[in-house]
Amino acid sequence: MIESQPNISQQPIQFERKSPKKPKMPLKDRWSIAEIEALYALSFSDLMFKAQTIHRENFDPNKVQVSTLLSIKTGGCSEDCGYCPQSARYDTNVENEAMMPIDEVIKAARAAKQAGASRFCMGAAWRSPTDKDLKSVLEMIQEVKKMGLETCATLGMLKDGQAHRLKEAGLDYYNHNLDTAPEFYGDVISTRVYQDRLDTLDRVREADLHVCCGGIVGMGESRTERAGLIAQLANMEKQPESVPINLLTQVEGTPLHGTEPLDLFEFVRTIAVARITMPKSYVRLSAGRQSMHEGIQSLAFLAGANSIFYGEKLLTTDNPDVKVDQALFSKLGIHPI
Ligand code: SAM
Ligand code: DTB
Ligand code: SF4
């Protein structure tokens with residue numbers, strides 16, 4: 001009899017534990033970048049098996065949470081995020097628009113609920129909201145909440161007190177992404193630093209809001225940098241409840257347009273690694289589904305993704321038609337929640 005190969009997924013990974021500058025969780029529980037890279041390096045089958053096993057220990061594998069996005073303030077943003085079509089610095093086909101009137105927001109939320117979304121996420125192209133901006137958003141949140149939808153907002157950096165006001169208005173989740181690893185961050189954005197993002201996330205946590213925090217892959221970062229992003233997320237004192245993993249949607253006119261596209265198996269591996277390191281978080285298969293065959297999306301669900309953006313638009317770019325997503329759910333036996 002041929003002796004079987006040892007199953008790599010069952011072998012303990014050799015953990016390299018480096019002393020972090022500012023420990024956020026007990027050292028023994030922290031993920032090192034080397035450990036995360038070791039997960040990435042598993043064979044695809046071993047990685048998927050591990051991710052699916054952990055997924056099933058923590059979630060119903062046939063349920064996928066669905067959130068609909070709406071851009072309530074589009075374009076004209078002062079920041080220079082290299083991926084973003086809404087920056088005023090880049091010549092894209094996105095115009096600087098005024099804030100959307102509240103009745104249009106309500107109409108869009110009603111349609112999202114009707115189509116089956118359980119969460120409604122309002123996004124604004126701001127570096128950070130002024131208190132006047134925030135007042136308008138608070139009214140929107142109150143109205144959307146009244147409809148029985150979960151509420152989420154992504155408005156940029158928050159100042160002291162703003163997160164509490166959002167919470168009081170009925171906000172459930174605040175989305176603020178780390179985007180990438182600290183080591184690659186400066187290659188993508190220069191108008192705010194990594195610590196600014198961490199400070200906003202601290203304010204969101206202090207206000208007892210649920211944290212939605214993830215990043216983008218396919219921006220030309222290395223695998224080590226992808227692992228670095230996952231390490232930042234997984235090592236937060238409390239892991240984010242929701243982790244959006246976006247594949248860069250390349251938009252003409254942005255500096256990252258023309259970047260070598262990421263191999264989609266590497267994207268699926270990133271979802272699996274997020275699932276393994278953040279077992280109780282909802283991992284969202286986010287931007288980029290338009291460029292993914294349904295086979296790849298199915299692999300992402302197998303890897304532990306259990307949330308999507310649902311509806312024909314993300315903020316300014318296209319997302320699959322609701323009917324197409326419903327057909328995929330039906331083929332896979334997925335129940336949207
Ligand atoms: N202006 C606010 C901010 O930056 O925090 C909120 C909206 S911003 C568009 C929210 C997130 O969308 C970004 O942090 C980024 O992760 C993601 N995003 C923006 N453009 C993207 C693109 N072209 N492809 C993938 N993700 C993108
Ligand atoms: C997130 O992580 N992805 C969403 C949401 N949070 C706000 C945004 C994706 C934006 C894709 C580009 C666009 O449509 O403008
Ligand atoms: Fe502005 Fe947000 Fe786009 Fe950056 S990601 S340019 S902050 S809208």
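Glycine is no exception: its Cβ is also placed from the backbone N, Cα and C atoms.
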If TrEMBL gives Cys121, Cys152, Arg284 as binding [2Fe-2S] cluster, which of Cys77, Cys212 does it give for that site as well?
Cys212
Can you tell me the CA-to-CA distance separating Arg284 ([2Fe-2S] cluster binding site) and Cys84 ([4Fe-4S] cluster binding site), as a whole number of Å?
19
Would you kindly give the Cα-Cα distance separating Cys84 ([4Fe-4S] cluster binding site) and Cys212 ([2Fe-2S] cluster binding site), rounded to the nearest Å?
19
Tell me the Cβ neighbour count for Cys77 ([4Fe-4S] cluster binding site), meaning other Cβ atoms within 10 Å of its Cβ, over all protein chains shown.
23
If the [2Fe-2S] cluster site is taken as the center of the Cβ atoms of Cys121, Cys152, Cys212, Arg284, which further residues of that chain fall within 8 Å of it by their Cβ?
Ser67, Leu69, Arg119, Thr154, Tyr173, Asn175, Ser242, Pro244, Ser307
Using the Cβ centroid of Cys77, Cys81, Cys84 as the reference point for the [4Fe-4S] cluster site, which residues of the same chain not in that list have Cβ within 8 Å?
Glu79, Asp80, Tyr83, Pro85, Gln86, Ser87, Ala125
